[in-house]
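In TrEMBL this protein carries:
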type: ACT_SITE; residues: 151; note: active site, proton donor/acceptor
type: BINDING; residues: 9, 381; note: Mg(2+) binding site
type: BINDING; residues: 16, 209, 210, 211, 212, 213, 284, 285, 286, 331, 332, 333, 334, 335; note: ATP binding site
type: BINDING; residues: 94; note: substrate binding site
type: SITE; residues: 182; note: site 'Transition state stabilizer'
type: SITE; residues: 242; note: site 'Transition state stabilizer'
Ligand code: ADP
């Protein structure tokens, strides 16, 4: 009898999932899918595709609050129908924040969920959505083992200095430190980059994860030594709607002069800044590319996006003491050749020499000649969670 491992990746209004055969080393999922429109009262949408990309399920319904729980009920019913006769071995969850203590994936029990609640204050826009499906599954699927995989855990290898802010020691001891995020993506890239070039696995590499959220990570020998995201997923690079690094005095200005409440200021920095804020048009790179010729603010937003990447990669290269490889990944990194070209141009001083044809073709190698190399490598965070599940719970149903 087939045993299934389900991997869940819950956002504020969406829920992504992949289903794997728990009996084999995770590779192509049996199916993957997405629920959207879960936050409001509008139409929610579910679509599932099989391993070859064929649509194998689709539903629409009127969401009336409780969107994620309803999505999970529908998912379980749909899976029971599609994989009749299969058993459920486990459910794995991407969880943004594991705090200072979780250095790797864990088997979940109610005590672990209580521990993870403590980090809601550190990731208020992500953590509650990540924890909800865990609580739901603990109740709805008693006896089914659950695994939590953290975006922060991969960075716990960083030297102490890379994790410290220059603040009073008592605050550091309270947990105000640099955690770093997108760790599941970096763990995936670190696990496959040696297949592209063995030198990357041993060398000094910066990975730029450029999706809606964006960050970059310095790897030495495949191990995280520094990253652009810090205490929260707000720090570092400019993102779709998040500001990235900001003088902290801007927050005092927002509170005192603009009379924003802390909640309103937080919301603005998470959801009204970045590409959206600077362009005034969109957080979506595809839309900005379509408009850049006629819209100076779209052009400036993209130029600032590239400038921030160039500066941060330079900083990470300094932390590494040099650069052997640069890897682009996630939605923009994998698909937007113009962003990659502009970043390589800005980093030519490090010896990166773009190969325009290879870049336009999407790589994988997009530089030529001697010196450091640059690559496009698609990420796969869900696969990393599936690997964690197999390591922690094996294939027992
Ligand atoms: P998330 O962080 O939500 O997983 P993704 O990794 O899917 O985000 O990245 C979303 C970003 O990728 C959006 O800005 C989107 O415009 C951009 N993107 C996706 N496909 C393309 C493309 N073909 N060309 C340019 N940008 C793209």
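Quick reminder: no glycine exception, Cβ is built from N, Cα and C everywhere.
Locations of recorded TrEMBL features on the structure.
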residue: 9; record: Mg(2+) binding site; DSSP (3 states): strand
residue: 16; record: ATP binding site; DSSP (3 states): strand
residue: 94; record: substrate binding site; DSSP (3 states): strand
residue: 182; record: site 'Transition state stabilizer'; DSSP (3 states): coil
residue: 210; record: ATP binding site; DSSP (3 states): strand
residue: 242; record: site 'Transition state stabilizer'; DSSP (3 states): coil
residue: 286; record: ATP binding site; DSSP (3 states): helix
residue: 332; record: ATP binding site; DSSP (3 states): helix
residue: 381; record: Mg(2+) binding site; DSSP (3 states): helix
Residues among the binding-site residues 16, 212, 286, 332, 334 that border ligand 1 - Cβ under 6 angstroms, in sequence order
212, 286, 332
Rounded distance in angstrom between the Cα atoms of residue 381 (Mg(2+) binding site) and the residue listed as 'substrate binding site':
8
I'm trying to understand the geometry here, so how far is the Cα atom of residue 151 (active site, proton donor/acceptor) from the Cα atom of residue 332 (ATP binding site), in Å to the nearest whole number?
20
How big is the Cα-to-Cα gap, in Å, between residue 332 (ATP binding site) and residue 242 (site 'Transition state stabilizer')?
15
Spatial hits near residue 9 (Mg(2+) binding site) (Cα distance within 10 Å) out of the binding-site residues 16, 94, 210 come to 16, 94
Within 10 Å of residue 212 (ATP binding site) by C-alpha distance: pick out those among the recorded positions 94, 182, 242, and say none if nothing qualifies.
242
Would you work out the biggest C-alpha to C-alpha distance among 16, 209, 210, 211, 212, 213, 284, 285, 286, 331, 332, 333, 334, 335, the residues that bind ATP according to the record, and give it in angstrom as a whole number?
21
For residue 16 (ATP binding site), the nonlocal same-chain Cβ neighbours (under 8 Å, six or more residues apart) come out as 8, 9, 10, 32, 33, 34, 35, 382
Those recorded positions listed as 151, 284, 334, 381, and which of them has the most Cβ atoms within 10 Å of its own Cβ:
151
Densest Cβ neighbourhood among 242, 286 (recorded positions), 10 Å radius
242
